[in-house]
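Peer 1: Okay, these came from Swiss-Prot:
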ACT_SITE  Glu35  active site, proton donor
ACT_SITE  Asp44  active site, nucleophile
Amino acid sequence: MNTKIRYGLSAAVLALIGAGASAPQILDQFLDEKEGNHTMAYRDGSGIWTICRGATVVDGKTVFPNMKLSKEKCDQVNAIERDKALAWVERNIKVPLTEPQKAGIASFCPYNIGPGKCFPSTFYKRLNAGDRKGACEAIRWWIKDGGRDCRIRSNNCYGQVIRRDQESALTCWGIEQ
């Protein structure tokens, strides 16, 4: 089976993994693909004002309508947010991780659902208990956006289902080898 089809990851992400790239490099590529990089504030799927790759706060200020940043400023904000997400993984995950696994967890927990929802989650508990396969299964349960079931395509959030599959693939990268 084609690796892209099997894991749903882009050729660019797979190439980085194959080349032995670092977690920051993999996460940057993955988040660019999932979040985009918007220099003008926009509402995310839950109606929250965001900018760049999903930042809700810039320089201590909440993102507001019509906020505009340069690409260079977004690059700086994105690097700060990426580094915070990866630092969270380093502090809170107690099992050894590969670079793709760090990127997958950073995207899912601190970056997308937030630490407040991650800490009590089955995913977090299973992962730190050493049940990696169970943790990867639990990522796929997070498929609601603003109360909408994203498996229902007419809810216009099916990308969430795809993202969870991809985050699960990264988080479990290599455990079956």
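Using N, Cα and C of the backbone, Cβ positions are placed for all residues, glycine too.
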Peer 1: Please determine which of the active-site residues listed here (Glu35, Asp44) has the lowest count of neighbouring CB atoms within 10 Å.
Peer 2: Asp44
Peer 1: Between the residue listed as 'active site, nucleophile' and Glu35 (active site, proton donor), what C-alpha distance do you get in Å?
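Peer 2: Counting only the Cα atoms, the answer is 10 Å.
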Peer 1: For Asp44 (active site, nucleophile), which of the three DSSP-derived states applies: helix, strand, or coil?
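Peer 2: Looking at the DSSP assignment, Asp44 (active site, nucleophile) belongs to neither helix nor strand, so coil.
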